[in-house]
Amino acid sequence: MSYDLSSFGWTDLRAADLPDGTVPARVSRVDRGAAEVIAADGQHHVRYGARVRRASAADPVALPCVGDWVALTWLPEGRYELDEVLPRTTAFVRGGVSRDSVGGLSGDGQGQVLAANVDIVFVAEPSMHSTDFADLGRIERLVALAWESGGTPVVLVTKSDLFEDGLDDLVADVRAAAPGVAVHAVSSLLGDGVELARGYLEGSRTAVILGPSGAGKSTLVNALAGDGVMETQQVRAADGRGRHTTVHRELIPLPGGGLVIDTPGIRRVGLYDIGEGVDRVFSDIEDLAAECRFGDCGHDGEPGCAVLAALERGDLPERRLQSWRKLQREAVWMASRTDARLRKEQQNKWKIIHKEMRRSGRNRP
Ligand SMILES: Nc1nc2c(ncn2[C@@H]2O[C@H](COP(=O)(O)OP(=O)(O)OP(=O)(O)O)[C@@H](O)[C@H]2O)c(=O)[nH]1
Ligand SMILES: [Zn+2]
């Protein structure tokens with residue numbers, strides 16, 4: 001069995017990070033102390049080497065996660081070992097706060113990476129959710145998370161077939177809630193917008209789909225994969241025998257190119273973590289705030305407040321201002337709970353991303 005790793009997103013840029021004498025592979029699933037990986041010569045179940053074990057004992061963000069590119073070394077006893085996690089270009093990091101079973105909080109300061117090297121973050125929000133319309137606040141939150149990961153958000157208003165009239169207005173409202181972000185209406189049922197979504201994965205890009213339960217994420221993955229989802233999970237052995245593989249359940253290669261990462265962790269990611277991405281989602285308000293007379297304006301009745309002026313003119317919806325205040329409070333709170341180590345990891349991540357952006361001379365693919 002062999003794989004063309006470029007169809008899994010391997011690039012020359014990443015190859016430059018590969019230590020001599022090692023073999024590149026992409027993590028499709030993790031277990032305790034071991035991972036399923038895809039290398040050019042096939043799929044392997046590999047244990048973590050001493051270096052990975054040591055690094056992750058000190059800092060759990062060093063643990064391999066789905067989507068990671070890793071370096072394998074061949075051991076004399078005739079198997080690979082996962083020797084190193086190659087630098088991540090993007091990462092979903094669950095912050096240093098965990099919720100216990102009764103909803104309490106423990107500020108344990110332990111970050112965890114849920115998915116790495118995700119290029120496109122689809123934010124799926126149903127046009128209708130039981131009897132409610134699309135939730136703009138939820139979109140803002142998930143778009144913030146997407147920016148924070150370093151990936152490019154794309155909002156998909158799913159189940160668009162549930163709308164007869166007014167879909168255009170809804171999409172316009174969503175656009176206003178996510179400035180600078182592409183917004184498309186999608187119906188997996190009718191197939192509308194599915195090809196458009198697929199287009200974002202050209203060039204063997206990797207995507208995740210965030211969104212509430214019932215947003216139609218699984219249905220969209222199936223629509224993107226055509227009837228091929230099972231087929232792509234079957235890999236022909238060199239001897240011509242069909243062979244079922246199971247490792248692709250979390251890193252799903254699409255027949256038309258590109259990959260989707262779908263794990264329980266990434267599905268729950270919206271329940272946690274909010275941070276720097278907030279400024280970016282509310283860039284319109286940040287721009288207004290820069291015009292306020294006082295640098296530390298609280299937009300709470302101070303004279304010369306550009307934010308409240310925009311509100312009065314009707315240029316800024318009240319809902320959006322409230323949403324911004326709420327997410328900012330949350331971000332500040334989260335930041336106070338996140339230890340310095342995790343912040344450093346985030347900063348390094350952004351450094352890499354910004355370097356990458358400057359290098360490629362663009363902000364979005
Ligand atoms: N009308 C309509 N229904 C859809 C569409 N896409 C999905 N559904 C339905 O919505 C329900 C939820 O879809 P799923 O794909 O399971 O949603 P999900 O986001 O994966 O949900 P979780 O697995 O709970 O996270 C199912 O009954 C689907 O048949 C669509 O485009 N139009
Ligand atoms: Zn102000």
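Cβ from N, Cα, C; glycine included.
Under the heading domain 'CP-type G', TrEMBL lists 106-269.
The annotation domain 'EngC GTPase' is assigned in TrEMBL to 116-267.
Reduced to three states, the DSSP call for SER160 (GTP binding site) is helix. In this view, SER160 (GTP binding site) is surrounded by 22 other Cβ atoms within 10 Å of its Cβ, with every protein chain counted. Residues or ranges marked as GTP binding site by TrEMBL: THR158, LYS159, SER160, ASP161, GLY211, PRO212, SER213, GLY214, ALA215, GLY216, LYS217, SER218, THR219.
Under the heading Zn(2+) binding site, TrEMBL lists CYS292, CYS297, HIS299, CYS305. Taken residue by residue with DSSP, CYS292 (Zn(2+) binding site) is part of neither helix nor strand, so it is coil.
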Looking only at C-alpha atoms, tell me how far SER213 (GTP binding site) is from CYS292 (Zn(2+) binding site), rounded to the nearest Å. 40
Taking Cα atoms as reference points, rank the binding-site residues CYS292, CYS297, HIS299, CYS305 by distance from SER160 (GTP binding site) and give the first. HIS299
Near ligand 2, which of the binding-site residues show up if the criterion is a Cβ under 6 Å from one of its atoms? Options: THR158, SER160, GLY211, ALA215, LYS217, THR219. none
Within 10 Å of the Cβ of GLY211 (GTP binding site), how many other Cβ atoms are there? 22
What does DSSP call LYS217 (GTP binding site) in the simple three-state scheme? helix
Among THR158, GLY211, ALA215, THR219, i.e. the binding-site residues, the one with its Cα nearest that of HIS299 (Zn(2+) binding site) is GLY211
